[in-house]
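Copied over from TrEMBL, here are the features:
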| type | residues | note |
| --- | --- | --- |
| DOMAIN | A:12-239 | domain 'Peptidase M24' |
| BINDING | A:His77, A:His175 | substrate binding site |
| BINDING | A:Asp94, A:Asp105, A:Glu232 | divalent metal cation 1 binding site |
| BINDING | A:Asp105, A:His168, A:Glu201, A:Glu232 | divalent metal cation 2 binding site |
Amino acid sequence: MITIKSQRELRYMRDAGRVVAGVLGELSRAIKPGVTTAELDRLAEDFILARGARPAFKGLYGFPASICTSVNEQVVHGIPGLRKLESGDIISIDVGAEINGYYGDGAATFPVGEVSPEAKKLMAVTEEALYEGIRFARQGNRLSDISHAVQRYVEKHGFSVVREYVGHGIGRSMHEEPQVPNFGKPGRGPRLKAGMTLAIEPMVNAGTHEVRTLGDNWTVVTRDSSLSAHFEHTVAITDGEPEILTRL
Amino acid sequence: MRDYFTPGRLVSSTAGRDYGKFYLILDRVSETRVRLVNGTDRRVNGPKLKNIKHLKVYPLVAGDIAHKVSTGQRVTDLDVRRALKELLEAYGQVMPAQGKPSGDELELSQDGSGKEVG
């Protein structure tokens with residue numbers, strides 16, 4: 001069942017979204033060569049707790065950290081650790097926060113030092129694809145209109161979208177119905193209504209769209225080791241323009 | 001160990017003449033003490049200092065207040081009253097009287113304990 005959020009619920013989700021956006025802002029300033037992903041995790045966790053929120057990823061399905069840090073060919077669900085970032089890396093940070101029982105989820109990919117033109121383009125296209133998808137998150141549209149918009153934008157620029165992992169509804173739990181794929185034909189799936197809240201998250205690979213999971217059972221990497229980027233916002237459908245909740 | 005005594009957190013007094021009264025945490029001043037506000041008789045300019053030992057914490061946080069305090073923005077009494085009202089409604093508590101207490105009943109419900117106000 002897809003839940004419709006009341007105004008009060010949306011206020012709580014805005015609070016959660018603001019914490020998520022704050023974490024991404026904070027980390028964007030902390031990411032530089034020589035920093036370990038565990039340090040970023042610690043920073044994010046302190047930031048979230050200081051705002052009375054709870055890191056939503058910690059313990060979710062057994063995930064051991066507060067954020068996912070996925071470097072270069074890692075697509076999503078990278079576990080923070082002792083890996084030191086190097087100039088030229090790109091790192092995707094995925095954060096979730098819960099406040100008063102409501103969740104916010106957001107992600108962004110950041111460059112470390114100076115990165116290749118290809119990496120820059122990949123990040124730009126992924127972010128633009130996210131906004132392209134959000135443009136279709138309007139009352140009356142169908143769910144897969146979002147999916148189609150993302151896929152079309154990404155493939156037009158010569159990249160590929162990951163199929164195995166998808167966006168999701170969000171609200172009283174991190175993952176609610178419906179699933180929000182980043183690919184597919186338009187005009188399918190449930191009709192969007194004001195009050196639905198979706199986490200839209202394109203994961204875009206420079207090479208093949210195929211992925212595999214590493215031995216830690218978490219980290220997802222591209223099958224051909226090509227670079228991958230990931231941007232995500234929690235979005236509320238309204239009777240007008242979609243509202244991005246994970247923005248400062 | 002997770003620290004629950006962060007700005008914006010809903011708490012109530014468990015000891016002292018304000019027993020049962022609801023507040024939001026404005027900030028923490030030391031290891032053991034926090035400053036509390038409710039926007040009416042405990043304002044941002046004159047918060048109540050209280051030992052965390054004498055507080056009950058609730059699983060609700062005023063995100064707005066937490067955000068403002070952590071980014072150094074000014075919190076107003078209106079912000080506090082609004083946030084407290086909303087959290088108490090969410091928690092299913094009787095609404096505290098707003099502004100000047102007008103009648104005995106309202107005053108008692110603000111006290112929260114149902115005891116006479118001293």
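Heads up, the Cβ atoms here are built off N, Cα and C, so glycines get one too.
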Looking at the binding-site residues A:His77, A:His168, A:His175, A:Glu201, which has the shortest Cα distance to A:Glu232 (divalent metal cation 1 binding site)?
A:Glu201
Which of the binding-site residues listed here (A:Asp105, A:His168, A:Glu201) have a Cα atom within 10 Å of the Cα of A:His77 (substrate binding site)?
none
Divalent metal cation 1 site shell beyond A:Asp94, A:Asp105, A:Glu232, criterion: Cβ within 8 Å of Cβ centroid:
A:Val20, A:Val95, A:Gly96, A:Gly106, A:Ala107, A:Ala199, A:Glu201, A:His230, A:Thr234, A:Thr246
Residues satisfying Cβ distance under 8 Å from A:Asp94 (divalent metal cation 1 binding site), sequence separation of at least 6:
A:Phe57, A:Ile67, A:Cys68, A:Ser70, A:Val76, A:His77, A:Asp105, A:Gly106, A:Ala107, A:His230, A:Glu232
So among the binding-site residues A:Asp105, A:Glu201, who's got the most Cβ atoms within 10 Å?
A:Asp105
Any idea what the Cα distance is from A:Glu201 (divalent metal cation 2 binding site) over to A:His175 (substrate binding site), rounded to a whole Å?
13
Which one, from the binding-site residues A:His77, A:His168, A:His175, has the smallest tally of other C-beta atoms lying within 10 Å of its C-beta?
A:His175
Can you list the residues of the same chain, besides A:Asp105, A:His168, A:Glu201, A:Glu232, whose Cβ falls within 8 Å of the divalent metal cation 2 site's Cβ centroid?
A:Asp94, A:Gly106, A:Ala107, A:Gly167, A:Ile170, A:Val180, A:Ala199, A:Ile200, A:His233, A:Thr234
Quick one: give me the count of other CB atoms within 10 A of the CB of A:Glu232 (divalent metal cation 1 binding site).
27
Helix, strand or coil for A:Asp105 (divalent metal cation 1 binding site)? Use DSSP.
strand
